[in-house]
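One structure is given below, encoded as structure tokens.
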Amino acid sequence: MAFASGAGAGGPQVLTARFVRQVVLGRWFMVFACLLILSASGATYIFSIYSKVLKSSLGYDQRTLNTLSFFKDLGANVGVLSGLINEVTPPWVVLAMGAAMNLAGYLMIYLAIDGRTARPPVWLMCIYICVGANSQSFANTGALVTCVKNFPESRGMVLGLLKGFVGLSGAIFTQLYLAIYGDDAKSLVLLIAWLPAAISILFVHTVRIMPYPRRGSGAGSPAAATSNDAFFCFLYISIALATYLLVMIVVQKQVNFSHAAYAVSAAALLLVLFLPLAVVVKQEYKIQKELEESIREPPTVTVENPAASLQMASAAEPPAAKSQQKQSTTTGENGTEPPPPPSRSSCLGSCLRHMFSPPAQGEDFTILQALVSVDMLVLFLATICGVGGTLTAIDNMGQIGQSLGYPAKSINTFVSLISIWNYAGRVTAGFASEIFLARYRFPRPLMLTLVLLLSCAGHLLIAFGVPHSLYAASVVIGFCFGAQWPLLFAIISEVFGLKYYSTLYNFGSVASPIGAYVLNVRVAGALYDAEAAKQHGGSLDAGGDKTCIGVQCFRKAFLIITAATVAAVLVSLVLVWRTRNFYKGDIYAKFRDNAAADDDDDAEEEGPKWPKKEAEGESTSVNGRKG
């Protein structure tokens, strides 16, 4: 089959093999692939759906089930290993490893609950679910970190958008499993096992680091390869997707759907999920059009005299440099041995000295320099209290609603609201922080402070049990929980650089299980059990009722959580003060300068060269590749 090539009178032709190849290899198709990968990487958010069949099939009690849930959260949030691997390997290695771990972990869980293998001991099930959940960190590292490095000037939007799709992944999984398998929780585990692995393998070579493209046409405006217009289109599609999911969740709770109806709703879901592909094609069409317009400009050949240039450079060289160069040459001719390599002890001492002598904010920190820096310590402490508090509210929302006397249907509505507003917080924080930073130099740490302050309102609504306030509290808590993640990861990338971002990104995630353990297990759980014991005669029997009723069940716990969050606000203000001068400047200037320097280097290597067109804003590259 023959394909037409070349550009027509009306612009580039899209039905050609060359254009299809450009789309598939382009940076925007890579963003689309990352959206799909991350939209299938949130299996940890739907543990409550299959936990009942897990408990009944294997005969677990509630304590054992909570132990499995803890190892699930531990695996999902401790991704330092995936970050270290991503530092020394290309992203496809991390994605492939994550796919293998996901398939192995969840497939073994499915075989166990379906009775196809002997009942495994609890410790082995903990390993299975930890390995399966840890694959989520591999998918996040391979896809999200790569996108941030490919779009460093839009990292807030990238983080908000991709983290938003992670937040929607639980609802997406629910719709797909109802359409494919029906209301069968065992089959949901099977879907979790194969679908994320299949998507990661499908796009394993699409996700890769790409050269940063040159600036584009039109008075310094960004070219289609770096324009933020596509991200706003992706945002609008994600809003439509979230709205559709919310409507389907509400309707399916009110109406009994048949299997065919679930299939139709899932088909519509997939249609919306693949809409970003149209945005990808549109952006690549713009890129090709810009390239062809720049080629049509008549070239001007500049001829240089290499000998004259060399003579001028030699004359301009200072005498001290000439004598030093001559002395160095003489030393080499005399056969003088170079200085001996430093010993291991001196290397260790040098490493320790450099660890406590970090570069300026915004430069590339080493892993050790970042981990021992005051900025990372402050950010980590604020995240432990902030994320830990909101995560405690989310994990206990069912018990909170029960203790305050809400009906079961309303509690399910709270969970749905948290999921949708979790997505809204992620995309809002990502896009809003990027816009405010670009236009007003509004520092991202200050926006994190405002989010933490807002979450205090949600905690206080729960603590005082204001009538009918749990709806508002679920919205506030879900929004603030989602908003903290893109802000945290963007601040890490900006303050400590992108060189070791894979590891530092995953180190920031460790704050979540630490905060959840301290505030959820040691504070909320212990105080709830103590209050329940008072209501049941002073002790909780092994087989008795352990339910606590009344506003006092969570009052003291959430007052403590509010105080911890206020402390996080004060701690985050320290980071705002320390980074105030950094965020006053143009933090993305170095990426544009590096791109311009690369253009100059390319021009010098070409001999007779085309005039540089960046001054007029023209671009001669496609997706970072020369056209």
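Here, residue 1 is simply the first one shown, and the rest follow in order.
Quick reminder: no glycine exception, Cβ is built from N, Cα and C everywhere.
No curator has checked TrEMBL annotations; they are predicted automatically.
Per TrEMBL, the features are as follows:
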{"type": "COMPBIAS", "residues": "596-605", "note": "compositional bias 'Acidic residues'"}
{"type": "COMPBIAS", "residues": "606-616", "note": "compositional bias 'Basic and acidic residues'"}
{"type": "COMPBIAS", "residues": "618-627", "note": "compositional bias 'Polar residues'"}
{"type": "DOMAIN", "residues": "27-281", "note": "domain 'Nodulin-like'"}
{"type": "DOMAIN", "residues": "373-583", "note": "domain 'NFD4 C-terminal'"}
{"type": "REGION", "residues": "314-347", "note": "region 'Disordered'"}
{"type": "REGION", "residues": "596-627", "note": "region 'Disordered'"}
{"type": "TRANSMEM", "residues": "28-50", "note": "transmembrane segment"}
{"type": "TRANSMEM", "residues": "92-113", "note": "transmembrane segment"}
{"type": "TRANSMEM", "residues": "158-182", "note": "transmembrane segment"}
{"type": "TRANSMEM", "residues": "188-209", "note": "transmembrane segment"}
{"type": "TRANSMEM", "residues": "230-251", "note": "transmembrane segment"}
{"type": "TRANSMEM", "residues": "257-281", "note": "transmembrane segment"}
{"type": "TRANSMEM", "residues": "376-394", "note": "transmembrane segment"}
{"type": "TRANSMEM", "residues": "406-424", "note": "transmembrane segment"}
{"type": "TRANSMEM", "residues": "445-464", "note": "transmembrane segment"}
{"type": "TRANSMEM", "residues": "470-492", "note": "transmembrane segment"}
{"type": "TRANSMEM", "residues": "504-528", "note": "transmembrane segment"}
{"type": "TRANSMEM", "residues": "557-577", "note": "transmembrane segment"}
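Counting same-chain residues at least six beyond the ends of the transmembrane segment (257-281), those with a Cβ under 8 angstroms from any Cβ of the stretch are 14, 23, 26, 28-29, 31-32, 35-36, 39, 172, 175-176, 178-180, 182, 230, 233-234, 237, 240-241, 244-245, 248. Remote same-chain residues near the transmembrane segment (470-492) are listed as 144, 148, 155-156, 159-160, 163-164, 167, 376, 379, 383, 386-387, 390-391, 393-394, 397, 400-401, 404, 406, 410, 413-414, 417-426, 428-430, 433, 444-445, 447-448, 451-452, 454-455, 457-459, 461-462, 501, 504-505, 508, 511, 575 (criterion: CB distance under 8 Å, separation of at least six residues from the stretch ends). In this chain, the transmembrane segment (188-209) lies close to the transmembrane segment (158-182): three or more C-beta pairs between them fall below 8 angstroms, excluding pairs fewer than 6 positions apart. Within the chain, the transmembrane segment (230-251) has long-range Cβ neighbours (under 8 A, six or more residues past its boundaries) at 28, 31, 35, 154, 157-158, 161, 164-165, 168, 171-172, 175, 224, 265, 268-269, 272-273, 275-276, 279-280, 282-283, 413, 416, 420, 423-424, 427, 431.
Counted over residue pairs 6 or more apart, the CB atoms of the transmembrane segment (504-528) and the transmembrane segment (376-394) come under 8 Å in at least three pairs, which marks the two as touching. With a cut-off of 8 Å on Cβ pairs spaced 6 or more residues apart, the transmembrane segment (445-464) and the transmembrane segment (28-50) reach fewer than 3 such pairs and are scored as not touching.
Beyond the transmembrane segment (406-424), the same-chain residues lying 6 or more positions past its ends with a Cβ under 8 Å from any Cβ of the stretch are 45, 48, 164, 167-168, 170-171, 238, 242, 245-246, 249-250, 253, 394, 397-398, 470-471, 474-475, 477-479, 481-482.
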